[in-house]
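K.L.:
Mind having a look at this structure? Questions to follow.
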Amino acid sequence: MTSTLNGITLKGSAELVADFFSFGINSILYQRGIYPPETFSRITHYDMSLQLTTDPKLKNYLTNVVSQLKEWLFECTVQKFVLVITCLETNEVLERWQFDIDCDKSAKESSAPREKSIKIIQDEIRSVIRQITATVTFLPLLETPCAFDLLVYTDKDLLVPDKWEASGPQIIDQSEEVRLRSFTTSIHKVNSMVAYKRTDSV
Amino acid sequence: MDLEDDTSVLTTLKSFNSFISHTEAPQRLSEGSAGSGNLQSQYKRSMELMEAGERVHSNNRYLQLDGEKKQMELSHKRARYELEKVASDSARDLEHEVDRNQDLLGRLKKFQERETEAAKNLSEQVEANRALRKNMEALNRKLEERDTRLNTANQTISSLKDEIRELTQRIQNQDSTTSSQTLENQELQEQLDLQRRKHQEVSQLCQSLQATQSSCSEHIVKIKELELRLALQEQDIAIVKTVKSEVAKVPDLEKDLKRLREDNAFLRESRENCSLLKEEVEGLRRKLERMEKKKEELVNIELEKERLAEKLKAWENLGQSTGLNIRKPEDLSREVIHIQQREIALKEQNYTLSSRVRSAERSQNEHRAELCQQRSKTLEEQKKRETQDSLVRRLQKRVLLLTKERDGMRAILESYDSELAPTEYSPQLSKRLRESEDILQKTQSHNVEMEAQLTKAQEETGTLKLQLQTVELELESLKKHQASAADSNTSGTKEELNILRQKIEDLESERQRLEEQNNILEMRLERHNLQGDFDPIKTRVLHFKMNPVTVAKQQRQQDIDALREEVTRLSELVRSLQEGGAMVQGDSSINASLSLSLPPSKEVVDLRKQMESLELRNQRLKEVFQRKIQEFRTVCYVLTGYQIDITTENQYRLTSVYAEHMDDSLLFKKGSNGSMQLMETVFSKTLEEMMALHLHHQKSIPAFLSAVTLDLFSRQTTI
C-alpha cells in the first residue's frame with residue numbers, strides 16, 4: 001500500500017476498497033451457502049477471522065473481477081458494485097448485495113493524500129463485514145441451488161474491456177431492502193445494502 | 001454216529017500223519033516221486049469223495065428243506081387267507097398258529113442263512129484246499145522244501161479238516177433241528193388241514209349268510225327307495241299345486257316384472273342423472289367458491305381501483321388545476337421546474353418592477369425638486385430679465401439721454417465753435433472734446449457691451465425658456481405619469497402588490513408542495529436506486545462474461561441435455577426390449593446390440609437360474625419317478641407274484657411268477673365305472689373252474705388271482 005499511516009492516496013484507497021470487496025464477497029458466499037463451507041479456509045484479516053474460498057475456479061474469477069474493479073476504482077468510474085444471487089432452477093434473482101460507491105473525483109486531480117488513518121477505515125470495514133455476517137439472521141433461507149454474479153455499474157463513457165459484457169440490472173421483483181453500514185476512505189465512500197425477495201410467509 | 005465218524009476221520013488223519021512222518025524217510029529213496037504221487041492221488045480222491053458226499057448230502061438236505069419251507073409257506077398263506085374269513089374263535093387260534101408259524105419261519109430263515117453261510121465257508125475252504133493242493137504239487141516238485149511245506153500243508157489240512165468237521169457237525173445239528181421242524185411242520189399241516197376243512201364249512205356258511213344279508217339289504221334299500229319316491233311324489237303333488245297357483249299369478253308377476261324393470265331402468269337413469277347432478281352441484285359449488293373468492297378479490301380490486309382512481313383524479317385535478325397535462329411524476333417535476341423557473345422569472349420581474357417603481361418615485365422626487373428649482377430659477381430668471389429689461393430700458397434711456405446729451409453737447413460745441421474762435425478755447429475745448437469723445441466711445445462700447453449682454457441675457461432667457469418648456473413638458477409628462485403612477489400606485493399599485501403578494505404566496509405554497517413531491521420523488525428514486533435501478537444515460541452495467549451464474553447455467557444445460565439424451569436412449573431401449581420380448585430370436589442384431597449396450601438385468605439372470613434349477617429338479621424327479629416306478633413294479637412283482645403291464649390304455653396284463661409259459665397271462669380291462677373285467681386269453685380258458693368259483697360266485701378278483709398263483713405254484717412244485 002502506498003498510503004502512509006496518516007494519509008491515504010487514490011491508489012491506496014482503490015486498493016483498500018477492492019480488498020474490502022474481495023473479503024466481502026467471500027464472506028457473503030460463505031454465509032449464504034452458495035458454495036459448500038468445506039471449500040473455504042479461515043484466515044485473519046482486519047483483526048478478525050474471515051473465510052476465504054479455496055475453489056480454484058472461483059478464486060480465478062474473483063481475482064479477475066477485483067483487479068479490474070481496482071482499476072476502475074482508481075479511475076473513479078465505478079458507481080455501484082452488485083453481487084446478485086440467482087436461483088438456478090427458476091432463474092429468479094433472490095438477493096442483491098449492492099455497494100454504492102461515491103468517488104471523490106477531485107482526488108484524481110490533486111494527488112495530495114487525505115488525512116484519514118487506515119486504522120479507522122479498517123474499523124469501518126470490519127463493522128460492515130460484521131453486519132454482512134449478521135444479516136444471515138433475517139435473510140430468507142436459500143433452499144434451491146443458487147449461483148452468483150457480480151455486476152459493476154460504471155460510467156457510460158467507459159471502454160468495455162474484453163471478457164466483460166453489458167448486463168441487465170437484475171432487479172428483484174418485490175424486494176425488501178435493508179441498508180447496511182457504510183465506510184469511507186475519504187476518496188471512496190461505500191454504502192452497502194442488501195435487497196432480498198419478499199417471501200409470502202412473512 | 002456222527003461223532004464216531006469224526007473220530008474215525010481224526011484217527012485216520014493221525015495214522016496218516018504218522019504214516020507220512022515215519023515212512024517218509026525210508027521210502028524217500030526207494031519210492032521217490034512215485035510214492036508221493038500215489039499218496040497225493042489217494043488223498044485227493046478221498047477228499048473229493050468226501051466233499052462230494054458232503055455236498056450231495058447238504059444239497060439234498062437243502063432241497064428238502066426248501067421244498068418243505070415252500071410248502072409250509074404256501075400252506076400257511078392259504079391257512080391265513082382262509083382263517084381271516086373264519087369266525088372269531090377260530091381266527092384267534094389261527095392267529096396263534098400263524099404267530100407260531102412265523103416264529104418257525106424266522107427260525108427256518110435263520111437256519112437257512114446259517115446253512116448258506118456254511119456252504120459259502122465250505123466252498124471257500126474247498127477253494128483254499130485246492131490252492132493248497134496246488135501248492136503241495138509245487139512243493140513236491142521242489143524237493144528241498146517239500147517236507148516242510150508238506151507239513152505245513154498237512155497242518156493246514158488238519159486244521160481245515162477240523163473246521164470241516166465242525167461244519168459238518170453244525171450241519172448235522174441243523175439237520176436234526178430241521179427234522180424236528182419238519183415234524184412240527186407236519187403237525188401244523190395236519191392242523192391246517194383240519195382248520196381248512198373247518199374254514200371251508202364256515203366260509204360256506206358265511207357265504208350263504210352274506211347272500212341272505214345282501215338280499216335283505218337290497219330289499220330294505222328297495223323299500224327305502226320306494227318310501228322316498230312316495231314322499232317325493234307327495235312333495236311333487238304339493239309343489240305342483242303351489243306351482244299351479246303360482247302359474248296363475250305368473251302373468252300378473254310378469255306385468256309387475258315389466259313394470260319393475262321399467263322402474264328399474266328409470267331409477268338407474270335417475271341415479272345416473274343424480275350422480276351427474278351431484279357432480280354438477282359439486283362443480284358449481286367449487287365454481288361458487290371460486291366466484292366468491294373472485295368477488296372478494298374483485299371488491300378488493302375495486303377498492304384499490306377507486307383508491308387509484310382517486311389518486312389519479314387527484315393527479316388529474318392537479319393537472320387541470322395547474323392547466324398542464326401532468327400524467328407522470330416526471331411531467332410534474334418538469335412542471336415544478338417550469339413553475340419554479342417562472343416563479344423566479346416573475347420574482348425577478350417583480351423585483352425589477354418594484355425597483356423601477358422605486359426609481360420612478362425617486363426620479364419623481366428629483367423631478368419635483370428640480371421643478372421647484374427650475375421654478376425658482378425661472379422666477380429668478382424672470383426677475384433677472386425684468387431687472388435686465390429695466391436695466392435695458394434705463395440703459396436705453398441713458399443711451400437716449402447720452403445721445404441727447406451728446407447732441408446737446410455737440411450743439412453746444414458747435415455753438416461754441418461758431419461763437420468762439422477755435423484758437424482761444426481750442427486746447428481746452430479740444431481736450432474736452434476729446435474727453436467727451438472718449439467718454440462717448442466708452443459709453444458706446446459700454447452700450448455695445450450692454451447690448452451684447454442683453455442679447456446674451458435674451459439668449460439665456462430663450463434657452464431658459466426652452467429649458468423651462470422642456471421641464472414643463474417633462475413635468476407634465478411626469479405629472480401625467482405620476483397621475484397614472486399615482487392611480488396605480490395608490491389603488492393600482494396596492495392591487496398589484498396584493499396580487500403579487502398572493503402570487504408569491506401561491507408560488508411559495510406550490511413550491512413547498514413541489515418540494516415535498518420532489519422529496520417523495522427523490523425518495524422513490526432512492527428506493528429505485530436501492531433496488532438497483534440506474535440511469536441508463538449516465539451508467540452502464542457490466543459483468544464478467546464467464547461469471548459463475550452463466551457457468552452454472554451452461555453446466556445445467558449440459559446436464560439436462562445429457563440426461564435428455566440418456567432418457568431418449570433408455571426409452572428407445574425399453575421400447576426395443578418390449579418389442580424384442582415377443583421375437584427374441586427374430587432380431588438377433590438388435591438383441592446383440594442390446595446385449596452389448598446393456599448387460600442382462602439381474603432379474604433375467606435370476607429367472608434363468610431359477611429355470612435351470614427347475615429343469616434340473618424336473619429331470620431329477622423324472623429319474624426318481626422312474627426309479628420308484630421300477631422299484632414299485634419289482635416290489636409288486638415280488639410281493640403279489642404278478643408282473644403288471646399296461647398294454648394299451650385301460651388294459652392290464654398280469655403275468656404270474658409261476659407261469660409255465662411266457663405267454664401265459666391274464667388280461668384285465670378297466671370299465672368306465674372303475675370295475676375290472678377279465679378278458680379272454682389262451683391262458684384264461686384253462687382256468688374256467690376258478691373263474692366260476694372266484695369271479696362268478698365270489699366276485700373277487702384278488703381271490704381269483706391268489707387261487708391262480710396257488711395253482712401254478714402247486715403245479716410247479718409238484719413237478
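A Cβ is built for glycine as well, from the same backbone N, Cα and C atoms used for every other residue.
The following feature annotations were taken from TrEMBL:
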COILED    B:109-205  coiled coil
COILED    B:243-318  coiled coil
REGION    B:357-388  region 'Disordered'
COMPBIAS  B:358-370  compositional bias 'Basic and acidic residues'
COMPBIAS  B:377-388  compositional bias 'Basic and acidic residues'
COILED    B:433-460  coiled coil
COILED    B:490-580  coiled coil
COILED    B:604-631  coiled coil
K.L.:
Which value does the mean pLDDT take for the coiled coil (B:243-318) in this predicted structure?
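P.N.:
Mean pLDDT, the coiled coil (B:243-318): 89.
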K.L.:
Under an 8 Å Cβ to Cβ limit, what residues of the same chain, 6 or more beyond the ends of the coiled coil (B:604-631), are close to it?
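P.N.:
Residues: none.
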K.L.:
Give the nonlocal contacts of the coiled coil (B:433-460) in its own chain as ranges (CB under 8 Å, at least six residues past its ends).
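P.N.:
The answer is 381, 384-385, 388, 391-392, 395, 399, 402, 406, 409, 413.
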K.L.:
Would you mind splitting the compositional bias 'Basic and acidic residues' (B:358-370) into helix, strand and coil residue counts from DSSP?
P.N.:
13 helix, 0 strand, 0 coil
